[in-house]
Amino acid sequence: MVEEGNIEASNKAVEEDNGPKGLYYCFWGPIYWFRMLAMETHWSFVFAVVSTYGISQGLGGALARVGTEYYMKDVQKVQPSESQVYTGITSIPWIVKPIWGLLTDVIPIRGYRRRPYFILSGLLGLVSMLIISLHGKLHLVFALMALTAGSAGVAIADVTVDACVAQNSSKIPSLAADMQSLCSLMSAIGALIGFSISGVFVHLIGPKGVFGLLTIPAALVFSVGIVLFEPHDANFAYKEVSKKFLDAGKAIWRTLKCPEVWRPCLYMYLSFALSLNINEGLFYWYTDSKEGPLFSQETIGYIFSFGAVGALLGAILYQNILKDHPFRDLLFWIQLFYGLAGMLDLILVLRINLKFGIPDSVFVVIGEAVTQMIGRLKWMPLLVLSAKLCPSGIEGTFFALLMSIDNFGLLSSSWGGGLLLHTLNVTRTKFGSLWLAILIRNIFRLSPLGVLFLIPRGDPNSSILPTEMLGSEDETVAEESNNIELVSLVNSVDGR
């Protein structure tokens with residue numbers, strides 16, 4: 001047995017030595033990595049991750065964002081303050097993510113826990129996008145319903161594929177980091193490609209045509225529900241569903257009453273809600289021919305693509321340099337720089353950049369990349385903190401609840417920004433008060449500094465929950481989940 005083990009280990013070492021290296025690896029390395037994941041898990045799982053994260057959320061999400069911006073402005077012809085509110089409405093399905101998570105975990109359909117929800121998600125996306133793209137002049141109310149249904153489809157697919165990743169991570173712990181890296185990498189690449197081509201497609205086929213293209217990601221998600229390998233459970237006790245829901249609800253409420261939990265939750269909500277979102281006002285100004293720089297559709301897409309690059313750089317910067325800093329200290333500096341970065345928008349709107357000879361297109365790209373990078377740096381420690389707040393036994397559901405709190409903060413931010421634009425009379429053609437809206441937004445971005453005492457100051461690698469809420473192996477699980485969630489994309493891929 002010892003000799004066989006030594007021979008096996010030596011063969012493995014020889015295989016690693018003979019693996020792709022150098023420039024050869026740059027091309028074949030990702031292919032070997034994908035093939036390894038497909039063999040160890042199942043090809044249908046890799047297809048599900050690529051379709052959901054890469055095509056649906058990444059590429060499709062980028063196309064949907066730019067398409068929705070122009071659809072509200074040019075087709076529905078709403079005011080920027082109204083568009084801000086409507087954007088918040090379409091994000092409501094992401095606030096109720098715990099419900100989708102509980103459904104996929106607790107209620108199987110015809111013996112399957114994942115496949116039916118992928119099919120439902122794909123159908124919602126297909127029908128809603130077809131309605132918007134084919135209808136000549138869809139009423140605003142029905143357009144909002146269709147956009148919200150499409151958003152719900154993406155949210156359901158997101159929760160379902162996350163459940164698949166978590167399930168496979170528990171079965172094959174050694175590949176858990178690779179699976180999370182695959183998800184993040186696909187999302188980042190999809191967003192980069194989507195934003196890069198979004199403006200071109202809006203210019204060529206219009207925003208309604210872009211919604212027609214979004215039926216392709218929905219169809220791929222639908223196909224995932226057909227081909228996904230999943231064991232069949234024919235003996236599920238449906239009578240226990242209500243008891244499971246009740247037990248989960250009691251555990252969540254018991255956790256939320258703990259000061260070590262509700263205080264960071266309150267901070268996370270306030271930090272997002274007080275960072276007022278006035279992006280619609282800025283978008284209308286970007287495309288205005290009189291007071292704005294009149295950016296083309298292609299330029300708008302390129303601007304957002306540089307923002308995606310900034311977000312990716314922020315994630316890499318956090319993972320490699322900032323992840324071991326205390327939460328409170330790190331969030332102080334990030335929130336401070338987040339408020340200061342907003343001054344770039346003020347410089348742009350007041351046209352100060354032109355006085356220094358910096359073109360609008362160059363300056364706005366710099367501002368978008370910096371803002372998105374800092375925004376991602378703000379999000380990452382909150383993600384780690386959220387993972388550490390999850391008690392043993394209901395980790396998935398409680399983590400989804402914390403993400404819903406963050407999404408509710410973003411919804412409040414969007415509606416608050418819409419109210420600010422309406423109060424200052426920033427309309428489709430009037431932008432005289434836009435500079436004031438930006439200044440007020442920047443001041444509000446700094447306000448979460450006053451409630452930083454809600455965040456624990458301790459070491460981010462230590463446990464936060466009280467001892468009575470930790471299982472016997474909770475510290476080990478927490479450490480493993482932290483490594484899974486925040487593995488460096490570059491190190492993980494290059495290390496293979």
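Backbone N, Cα and C atoms are what each Cβ position is placed from, and that goes for glycine too.
In TrEMBL this protein carries:
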TRANSMEM  43-64  transmembrane segment
TRANSMEM  117-134  transmembrane segment
TRANSMEM  140-161  transmembrane segment
TRANSMEM  182-204  transmembrane segment
TRANSMEM  210-229  transmembrane segment
TRANSMEM  266-287  transmembrane segment
TRANSMEM  299-318  transmembrane segment
TRANSMEM  330-350  transmembrane segment
TRANSMEM  356-377  transmembrane segment
TRANSMEM  398-421  transmembrane segment
TRANSMEM  433-455  transmembrane segment
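Below 8 A, the CB atoms of the transmembrane segment (398-421) and the transmembrane segment (330-350) form no more than two pairs separated by six or more positions in the chain, fewer than 3 in all.
Outside the transmembrane segment (299-318), and at least 6 residues removed from its termini, the chain residues within Cβ reach (under 8 Å) are 62, 65-66, 69, 184, 188, 191-192, 195-200, 202, 283, 286-287, 361, 364-365, 368-377, 380-381, 486, 488-490. The transmembrane segment (266-287) makes contact with the transmembrane segment (433-455): 3 or more of their CB pairs lie within 8 A, with pairs spaced 6 or more apart in sequence. The transmembrane segment (182-204) makes no contact with the transmembrane segment (117-134), as judged by fewer than three Cβ pairs under 8 Å among residues 6 or more apart in sequence. Within the chain carrying the transmembrane segment (140-161), a Cβ under 8 angstroms from the stretch's Cβ atoms is held by residues 48-49, 52-53, 56-57, 60-61, 64, 68, 71, 76, 78, 86, 89-94, 97, 100-101, 104, 114, 117-118, 120-125, 127-129, 131-132, 183, 214, 218, 221, 224, 400, all 6 or more beyond its ends. With a threshold of 8 Å between CB atoms, the same-chain residues lying at least 6 positions outside the transmembrane segment (330-350) that come near it are 271, 275, 282, 285, 322, 360, 363-364, 366-367, 370-371, 374-375, 377-378, 381-382, 431, 434-435, 438-439, 441-443, 445-446, 448-449, 452, 455.
Tallying C-beta pairs under 8 angstroms between the transmembrane segment (117-134) and each of 43-64, 210-229, 356-377, 433-455 places 210-229 first. Residues 34, 37, 118, 125, 150, 154, 157-158, 160-161, 164-165, 168, 179, 182-184, 186-195, 197-198, 201, 210-211, 213-214, 216-218, 220-221, 223-224, 227-229, 304-305, 308 of the same chain, all 6+ positions outside the transmembrane segment (43-64), place their C-beta atoms under 8 angstroms from a C-beta of that stretch. Sequence-remote contacts of a segment are chain residues at least 6 beyond its ends whose Cβ falls under 8 Å from one of its Cβ atoms, and for the transmembrane segment (433-455) they are 263-264, 266-267, 270-271, 274-276, 278, 281-282, 285, 327-328, 331-332, 335-336, 338-340, 342-343, 345-346, 349-350, 385, 417, 420-421, 424-426.
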